Structures are given as structure tokens and as C-alpha cells.
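Trainee: Take a look at the following structure, please.
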Amino acid sequence: MNIGQRYGWEFALAALLIIEILLFGIANPRMLDINILLLSTSDFICIGIVALPLTMVIVSGGIDISFGSTIGLCAISLGVMNQTGIPMAAAIPLTLLVGAICGIINAALILYTGINPLVITLGTLYLFGGSALLLSGISGATGYEGIGGFPPALTDFANLTLFGLPMPLMLFLLCVLICWLFMHRTHSGRNIFLIGQSSKVARYAAIPVARTLYLLYSLTGIASAIAAIVLVSYFGSARSDLGASFLMPAITAVVLGGANIYGGSGSIIGTALAILLIGYLQQGLQMAGVPSQVSSALAGALLIIAVVGRSISLHHHQIRDWIQRWRNQRLSS
């Protein structure tokens, strides 16, 4: 298989991304400013940080829709720890631990109950979200009021640049590299595809299914914690609703990036390109004066188109055979 066949979908996404930027640039020349393009990634790049390990979860045949609440819980946990005087050098690793525990809870419930991951993570979505609100109330911040008072070392992070790139974008690129190397260049990563194709066969082949799922859901929790830390730095406060709007664009990016929603196939590079495609779509529409409700509707339509288009591309041989049989029947009649 040559590189064009292997990465054809990724090349198509890259071409669509360039076309999208050029079209929005015609409507608003500011969209072609490289500085605006780079700085605007901070508005949506945290979705990509979570979508990368979510890709691996979906490839394994699972799903996690609780990451939005995990982000809120991790953000509030960081705020409470800051309020109690715990230094950031300790609070940040503890926040990552909170995210990992959330992922472990998801994996444990899925493995030991045998219930569909969608149902389990729907339950933990409310569990983690309620816990975030409870912690927020204990800290004295009622409802969705934020917890502030973070040190400048944290709040300045999201505004820093490295080699001309915003730090959140650099962090995202680092996550892309790590996830790509793990998923496509390690034995454990290749096991993810086998588990997604058939977990029963994977168990018969002595693949550590349970250990792999614990790892994947933990990585999603840790990524949610990283996103929470970046969001707290970006907004300067911790709120329980910071990840509330991440669910639809993250899943859309994973599916648009080439992942089979039923498991067995997917691409980290595809997800990364899809995040940029969706993010710049929303940015371009906002700069064009399109209401946010319309951009949300377009994101939903994009998810449907991605699922249908990917399904057609995966089953084009069967579709072609069906069309040929239908034509033969018409001719014979």
C-alpha cells in the first residue's frame, strides 16, 4: 500500500482545511493573517487535546462521553487546591491524578458490569458533573461561578509562545506526537485495533484487553485534566462548566478524522486535522458574523455527513455491487 492509499483521507482533510481557510479569507482577509490563525487555535485546541485519546477509545470499540464533566471536575479540584494553599507544583500533578481516577472509574464500571460504555459514561457524566458542582459549593463558589486567585505562573501559561507558536498549540502538537507514536508504533497501540475489531477474539489471542482499556480510559481522563489546566490558565478561573460544550465537536473530529464509530479503525493525524478543520470553521463563521447557533447546527450536520461519508467509503465495493445488480435487474425486466 503506497502512501497515497494509506493516508488518502488525511490528505483530503488537509486539502479541505486549506480550501476552508482560503474561502474564509476571501470573505474576511484577516482570516489569512498567520498570527490570527495561530492565536485563534487557543479558543478550540483543548477540544483536540481530549479528542486524541478519545480516538483510541473509539478505535477500541468503546466510547467516553463523560470527559466534559471530567474537565469541570478537574478544573474545580485545581481551584479548591489553590484555595487551600497547595502550591501549583503539587496541585497540577494531583489534578492529573483526579483525571486518571475518573478514567479508571469508567473502565472499571465498563469491564465489571458489561454494560455498554455509552450508558456507563452517560452515568459518570452526571456523577462527575455533580461532584464538580458540590466541590464548587464547598469552596464558596455557588452554581457556575468561577474560582479565581490563581498565581500568574499559571494564568500566563496560555498566553506564552514557543518558537512563535502559542503554548496550548505546542502542547497539542506534543500530544499528537505522543498519541501517534503510541497508537501506530507500539505493540500496545496495535492491540487497540485488534480489540476494536473483536474483543472476544483479542481475548482468545491473549491480548490484555482489560489492561488496555484501563490505559485508554485513564489517558482520556488525564487529557481531560490537561485540558482543564489549560482552560483555567486561559480564562483565569476554574468553573464546573468549562468542558460542557466539548462533546459534539470532539466526537465529530474523531469520526471526521477517519475513526469507525464501531471500532477497529482510526487515525490520530486524521483527528488532529479534523480538529483544525472544525475549529477554523467555527472561527471563520464567527468572523463572518454568523450566529453561534448556526455554527453549532453546521457542526452537527458535519458529524452526520462524516459518518455517512465514512460508511460509504468503507463499503463502496458492496454499494457498487448493489448498484450493478439493480441495473442488471432493470435491464432484464
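In case you wondered, yes, glycine gets a Cβ from its N, Cα and C as well.
Swiss-Prot lists these features:
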- 7-27: transmembrane segment (TRANSMEM)
- 45-65: transmembrane segment (TRANSMEM)
- 70-90: transmembrane segment (TRANSMEM)
- 91-111: transmembrane segment (TRANSMEM)
- 118-138: transmembrane segment (TRANSMEM)
- 162-182: transmembrane segment (TRANSMEM)
- 212-232: transmembrane segment (TRANSMEM)
- 240-260: transmembrane segment (TRANSMEM)
- 261-281: transmembrane segment (TRANSMEM)
- 288-308: transmembrane segment (TRANSMEM)
Trainee: Short question: most Cβ pairs under 8 Å with the transmembrane segment (240-260), which of 45-65, 162-182, 212-232?
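Mentor: The stretch I would name here is 45-65.
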Trainee: Please check if the transmembrane segment (162-182) comes into contact with the transmembrane segment (70-90), where contact means 3 or more CB pairs closer than 8 Å and the residues in each pair are separated by 6 or more positions.
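Mentor: Judged by the Cβ rule, the two regions do not touch, with the required three close pairs absent.
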Trainee: Are the transmembrane segment (261-281) and the transmembrane segment (70-90) close enough that 3 or more Cβ pairs fall under 8 Å, when only pairs 6 or more apart in sequence count?
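Mentor: Checked: the transmembrane segment (70-90) vs the transmembrane segment (261-281), no contact.
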Trainee: Can you see whether the transmembrane segment (261-281) and the transmembrane segment (91-111) are touching - at least 3 CB pairs under 8 angstroms, only pairs 6 or more apart in sequence?
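Mentor: Per Cβ check, the transmembrane segment (261-281) does not touch the transmembrane segment (91-111).
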Trainee: So what's near the transmembrane segment (212-232) in sequence-distant terms, Cβ-Cβ under 8 Å and 6+ beyond its ends?
Mentor: 45-47, 49-50, 52-54, 56-57, 60, 62, 64, 67, 70-72, 74-75, 78-79, 92, 95-96, 98-104, 106-108, 110-111, 150, 154, 157-158, 168, 171, 175, 188, 191-192, 195, 238, 242-243, 246
